[in-house]
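The structure appears right after this line, and notes come after that.
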Amino acid sequence: MASSSGTKSDAGPPRSLSRRMTRAQTMMVNLPDEDTSAFDSELVPSSMSFIAPILRVANEVEKDNPRVAYLCRFHALEKAHRMDPNSSGRGVRQFKTYLLHRLEKEELETQRQLAGTDPKEIQLYYQKFYVDNVKEGQYVKKPEEMAKILQIAAVLYDVLIAVVPAPKIENETKRYARDVEKLREQYEHYNILPLYAAGIKPAIMELPEIKAALHALRNVDNLPMPRISLARDAPHDMPKERVKSVNDILDWLSSVFGFQRGNVANQREHLILLLANIDARKRTLENYSMLDSGTIKQLMDKIFKNYRSWCDYLRCEDNLRFPHGSNEQQLELIYIGLYLLIWGEASNIRFMPECICYIFHKMADEVFGILYSNVHPVSGETYETAAPDHEAFLRNVITPIYQVVRKESKRNKGGKASHSKWRNYDDLNEYFWSDKCFKLEWPMDLKADFFVHSDEPTNERSNQGTTGHRKPKTNFVEVRTFWHLYRSFDRMWIFFILAFQAMVIIAWSSSGSIVDFFNEDVFRRVLSIFVTSAFLNFLQAALDIVLSLNAWRSLKATQILRYLLKFAVAAVWAVVLPIGYSSSVQNPTGLVKLFSNWARDWQNQEFYNYAVALYLLPNVLAAVLFVLPPLRRKMERSNWRIMTLIMWWAQPKLYVGRGMHEDMFTLLKYTLFWIILLISKLAFSYYVEILPLVGPTKLIMGMHIDNYQWHEFFPNVTHNIGVVIAIWAPIVLVYFMDCQIWYAIFSTIFGGIHGAFSHLGEIRTLGMLRSRFESVPSAFSFRLVPSSKEDKYAEKALIERKNIANFSRVWNEFINSMRNEDLISNHERDLLLVPYSSTDISVVQWPPFLLASKIPIALDMAKDFRGKEDTDLFKKMDDYMLSAVIETYEMLRDIVYGLLEDDADRKIVKNICYEVDLSIQQNKFLSEFRMSGLPLLSEKLEKFLKVLLELDDSEDVDAYKSQIINVLQDIIEIITKDIMIHGHEILERAHSATMDDQNVKIEQSFGKINIALTQNKSWREKVVRLRLLLTTKESAINVPSNLDARRRITFFANSLFMKMPTAPKVRDMLSFSVLTPYYKEDVLYSEDDLNKENEDGITMLFYLKTIYRDEWKNFEERVDHDPTYSAKEKTEFLRQWVSYRGQTLARTVRGMMYYKKALEVQCNLEFTGDNASHTKELSGQDQLNQKAFLDHAQALADLKFTYVVSCQAYGNQKKSPDARDRSCYSNILNLMLTYPSLRVAYIDEREDTVNGKSQKVYYSVLVKGGDKLDEEIYRIKLPGPPNEIGEGKPENQNHAIIFTRGEALQTIDMNQDNYFEEAFKMRNVLEEFLKHRRGPRKPTILGLREHIFTGSVSSLAWFMSNQETSFVTIGQRILANPLRVRFHYGHPDIFDRIFHITRGGVSKASRIINLSEDIFSGFNSTLRGGYITHHEYIQVGKGRDVGMNQISLFEAKVANGNGEQTLSRDVYRLGRRFDFYRMLSFYFTTVGFYFSSMITVLTVYVFLYGRLYMVMSGLESEILTSPSIRQSKALEEALATQSVFQLGLILVLPMVMEIGLEKGFRTALGDFVIMQLQLASVFFTFQLGTKAHYFGRTILHGGSKYRATGRGFVVFHMKFAENYRTYSRSHFVKGLELIILLVLYEVFGESYRSSNLYWFITFSMWFLVGSWLFAPFVFNPSGFDWQKTVDDWTDWKRWMGNRGGIGIPPDKSWESWWDGEQEHLRHTNIRGRVVEIILAFRFFIYQYGIVYHLDIAHHSKSLLVYGLSWIVMITALLVLKLVSMGRRRFGIDFQLMFRILKALLFLGFMSVMAVLFIVFGLTITDLFAAILAFMPTGWALLLIGQACRGLFKRIGFWDSIKELARAYEYIMGLLLFMPIAILSWFPFVSEFQTRLLFNQAFSRGLQISMILAGKKDGSDAGKKDKS
């Protein structure tokens, strides 16, 4: 081994380790085409992370000196062995073994190069390395290169000390080491700003704003410096101290409070960039050395706005104190720095903004004490200024609070515990909303109530006594109940209930006319609505008390008093008003009579009127305040005690939700919207729903019916109340639901109008683009180029030329980006490019696609023109043709003139041009020139231009030259002889001029040309363009042909005419960051992914090539035709091509990095103005200037834009043995190396040994791409695992948000994309934050629209894409304006970063309740005084789910999320604190939409159960056969109204409107028809069931969870069992129940009802049933393929038969799945179980109803009939139980016994049946009816059994329940499978289904029928690609 003299002999690892390689292979995973040696440094076990830098250095120096690399590795092994001699850490033994094995091999293989011994070798190498790299490098190398070199040098010196004995280290080596140590302080890995770099200053450090900010931050004058205690020399010495040196204010704060180094470095850069960006906006570059005095003030106001508001709320003075005579700027920076440092290290506490306010409040007080008083105000002791260690703040402040949060989250039991049993982030944060928080003291008292955690008592013995009560919730309790909907939106429900009551009363009057309202009696009856109102208010007051009981111990006495008083007052009104009303009624009856007996003394109408007036007084006051929003806002936000007292009754004081009122104009807009909507809704409800039903109801109530067809329990009930309820119940439900439909209609109309006024869709086709292209450059310059002062005074022509120059640069970058993305071909790119501005051409040079075919047409026109006048010919030309003709002429002139060397030749050309110009001026062109010669000239010109472009290096130049000369001479000949009438005169003049010199000159005319010119780039571009103009004969009307390219071009052009703020200069724009959370999704598809075949033999590559056929051709043209690419590069390009068409991280990163590119192009535009033509050749000095400018542009881009991807698992993926994880790691690393500006944040887990125990430590780490590997920039220790407490995505965002920069933050999901041309508009959008607005607030979130890019994959993807597109466009347009209730929906919204980081972040993270974490950031923003806008002139790409199961999982997740929102405090607060109309908007666009979906489904149930009751009881036949009803037909009409609402087609309206706006209404209509033909209605009806099921179940039982939908391409067949598992409970069970109801309604009511009426009423219900039962199979690829159907059946039978058990997954066994399906019932509360049991009781109705209709019952109405049916039922169940027990007991050992038992049972059954048939008159129809009767009963018993699982297990019945369930599942499976099997018999069904599913892809060339049939064409194609 290496000679390690100088180290202790026992330090080395024992040799015996090398003999066995224990699991060494787990350390390295061989990835294809990867140099694994480079990665061994990344595979270091977490407890050995300190040796990773040594191994990296070994890899770095390996090529240079393998022996030194070996010594480094050996040193690493020694160090590892010293730190963990027993190899106790995880993975340490394997790693040591691997390293030892490698060292043994290297010891023999490596040779010394510089000396004979290892000590000498490394010493010489170290000196050589220093001289070669460090000595000169500091003056010529970039800071990041120097940081890496110095790190290598430092590690090498460590190794050197270990290898070389101390006396033998040369002085020179020591000197070098000291030099390296000194330089290392200056060079460290940095993020954006290399703050301490010496030598070459990067451009960003030369920016004056950066220098000014740095100067301000480094002002530490007059600050008391902390002291460091030094070790004493001897025990009796005095203690020594030295002053700690600090560089800047943050350093000083760190030395006072003990912040971590990584945090300080991170926040230092953060603060400098914030100051620099804010300052730069206010300043010009002259005299720029200090920060503007207002800059820090502005930042301070923004950062501390929430803190000051918190202090005001708690009525305590803030601690932002500035004593007279202090350095105010320094003090402001200290406060800002302190806040940022607290925030930067707060970890999960960042979700608790007021907790951070509290910490800051106390620490700011301490800072002030240190600076000014030096005496602690409480204890009187002096403040300590001794420097604490770097983790003091984390240990003493953050960790104790974090532990409280973590312990509370553990009570959540993984989301299964009730919300009311544990305190979430909001509860803990709201603790700091009361002055109780000041009892925590400072330093915090860890024995305070907040920290003492009250865990439930455990079974272990404890000496600590009782654990006390559980801590109460704070302010609000999230209880699982639907009553939350009433409690949060009580005003809406009260309004609808009172309106309904009033309408029924008016309709009940004699005429039913609305005018009857003014009739005195009717009016008096209408006044009864106030009685109802009193009861509803009483209900609300009771709910407030009951639902908040769990939080009472945390409430203030005043809040409790308010609740009780509210309840008491509501109770008083609930007594007084009914008494008052009853006293005013003339002849009271019923309940009114009871009340009137109480109120005998008050027989006076006036009393009731006064009571109502008094009752309405608060509402009148509220209405007055409603129309005075500024007054209301002031009152709510005021902290005056008198105001608090006044507002106490109306609105309890709360920290959030105060003063959310809009300005007057906005208020008027949404009020008008809702008033019109409500009038329409109420009018419709009155005339269509209520009025038609009143007449029949009166008739029914007047009828006397006693002929019941069953045993009637209440035969004496008057007015047939059961029938009335059955008829009215569905109508009442529709009444409450149809407002959602009215909202859909109105939002469509208003959204469409608003979109049209926003200029949406004005340019939607290429034809429209052509017609307006002339105005595009000026619109571009007006919108996207900052105006300069010179432009105001410049002449119009100059400005126009400048506009076109600016536009052409960006347009060409845009076109080139589309070429690089393979959306267009090379030819299309050439046609679309605009030439850079040329001063030689007199006309504007439009892109060739506008001028294509113009020249050939002009030639034809001229050739065939018979007129004499020039003007007639010119009139025939359009502007583009004229432009093309002039440009062609002038370009040809310049090209020829440039080629000619001889002056005489040039003169001839000049003369020809002179003649042409003169004849045009004098209008003699047609008389001077023959048009017939033009075609021949055109032909020759084409040849000439072709020859000019054909020069090849290998070719004979002379031959090439003579070719050009020949063609050129032909051209001149044709011009002078065939076209010009007097052409010979020009030649003769030239001839005579040269006759004296040379007789032969004329023969050799045009013989001398400048051949070198053909190599000039700009000259060649002219030739290419001229050739395009001349040769493009076909019209370029379809350029580009790719639909996506067209969409992008037209949208970009259209957006330039939309209303947007003008762009500022890059230096003046707001800075921003983009943050993308990533977990373990695909980064880049591997080669294996590309070529892996699915079950049909289809590869992903083949599938994508077929769908994107044109893009594949463009890709081949780009890559295959370029000989410079190697095979490996081509494979990499192929992987990228496929990945950029999926939903991968690589696609997202590429899209977001366009921002940087766009910023650099914008800098370029600003810097060069209109002079910079890319085509000019640059001189040496120009190139230097250009480099300096490019560096400056990059610096500005870095200053303005940061991109952070939060890959929380990156650290684990780095060390993982799993091949996929390692692949993700290397792909992310490659992204960082490709995009140097990309930053990756991750959570690093390390193992530290504390007191001999291994303990996990967590860090937030930021890395960037280095040379070959990542380089760590910041490392910040965390108080514990950050992602165990809340939801995954928000926790992932939160840990990385500290690494973002700037004033704005765009949140981008991992399935999004961006486009270069859209990135260019980012400056404009950011200006929206600064724009002056009418209202009191500036926006805090800017909403952007999206383009759904997955629509072409299948018809389902297309439906989903259209639905999503309408939501993100027209839906959000109307939400933002006029309704003002847009929130954040996980879309590419841009946050006001400083506003949000000081108020809890960009999402909420409490487990389960914040499942839809995104929308809560919108709620939070609104509640805290922000508001959210929506902008449609910019768009970002987004992928959506594309398969049926993926879509359903997504819908389930969103429905779950909405269920949780319903229970949340945010929805409650918004619902209560918005004004009435805004509350309506809020309800119908969030939880109300899902509740309405549930009501829609419920209506069907209520309607059918009502019919069942009426049919079975015989009431319907009695009523319908009654002459009075039959004549009126009113009942039929009334019943039919609600069926209209089941179609749900109205909800497609917004989609049609948006497509109409953006693509034209003809396209919209066509799309709508095609969607219906592709069964879109089936799909949307199916999803209605998904929404209703999951929303309802979440509110009742919980069970919400994040559902990973997967984002792949779904072209595979889903097995029947998988579909069954997914949809069984949500759709199939409900569908079968509805089928039984519909069948019973038809069969038992057939005799007296017309079948037309039945079908008219139930058609929509049958459609619903069909959709729910068969949609998953219709939309399943190859769903009707016979072979697959057979396989599915086999698979399903196997699944049903498998036994479950621990560890067996649900997809392997029915039992495991069945257990999992009841998970929600296991964790639900008693209320949920009771509701479940009550709902199950509905299935007993079938048996009760049907048994009385059986022939065997002989029309008996006795209750005995029902009793006997139960005996039959129980007997049947017992027999089944007997058989199953027999099978278990005797099935194996007593086979014969079991068979005899079965035979006896069979004989017994046959005997019983024979007796029943013969003796009792049983019929065959009875048998079928009995099945329909008893099946639901069995299901009811099953449901009750599941709800009472514990009870049934105890009494030993659980196995029977399970067997009964299995039998039911078999029956349901068979019923569903039979239709599929029958249809699979017919091959055409499968073909039709394929065409239906993939129609969109067909239109783009996908022969999917061939693919899915499994023919090997597909797989062969896949294999060919592979080869």
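Numbers here mean position along the shown chain, with the first residue as 1.
Backbone N, Cα and C atoms are what each Cβ position is placed from, and that goes for glycine too.
Automated prediction, rather than curation, is the source of TrEMBL annotations.
So that you can see what the record holds, here are the features copied from TrEMBL:
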REGION    1-20  region 'Disordered'
DOMAIN    330-445  domain '1,3-beta-glucan synthase component FKS1-like'
TRANSMEM  492-509  transmembrane segment
TRANSMEM  529-551  transmembrane segment
TRANSMEM  563-581  transmembrane segment
TRANSMEM  607-628  transmembrane segment
TRANSMEM  672-693  transmembrane segment
TRANSMEM  713-735  transmembrane segment
TRANSMEM  741-760  transmembrane segment
TRANSMEM  1653-1675  transmembrane segment
TRANSMEM  1759-1779  transmembrane segment
TRANSMEM  1799-1818  transmembrane segment
TRANSMEM  1824-1843  transmembrane segment
TRANSMEM  1863-1884  transmembrane segment
Across the domain '1,3-beta-glucan synthase component FKS1-like' (330-445), what are the DSSP residue counts per state (helix, strand, coil)?
80 helix, 3 strand, 33 coil
Taking contact to mean 3 or more CB pairs closer than 8 A (sequence separation of 6 or more), are the transmembrane segment (492-509) and the transmembrane segment (672-693) in contact?
yes
With Cβ distances under 8 Å as the criterion, find the stretch in 529-551, 672-693, 741-760, 1863-1884 that has the most pairs with the transmembrane segment (1824-1843).
1863-1884
Could you give the residue numbers and ranges of same-chain residues that sit at least 6 residues beyond the transmembrane segment (741-760) on either side and whose C-beta is under 8 angstroms from one of its C-beta atoms?
673, 676-677, 680-681, 684, 1054, 1057-1059, 1369-1371, 1373-1374, 1377-1378, 1432, 1484-1485, 1541, 1546-1547, 1549-1550, 1552-1554, 1556-1558
So which residues does the transmembrane segment (529-551) touch in its own chain, when a touch means Cβ under 8 Å and the partner is 6 or more beyond its ends?
420, 472-477, 479, 481, 483-484, 486-487, 490, 493-494, 497-498, 501-502, 563-564, 566-567, 569-571, 573-574, 576-578, 581, 612, 615-616
Sequence-remote contacts (6 or more beyond its ends) of the transmembrane segment (1863-1884), Cβ cut-off under 8 Å?
1616, 1620, 1624, 1628-1629, 1632, 1669-1670, 1673, 1679-1682, 1685, 1689, 1692, 1696, 1710, 1714, 1776, 1831, 1834-1835, 1838
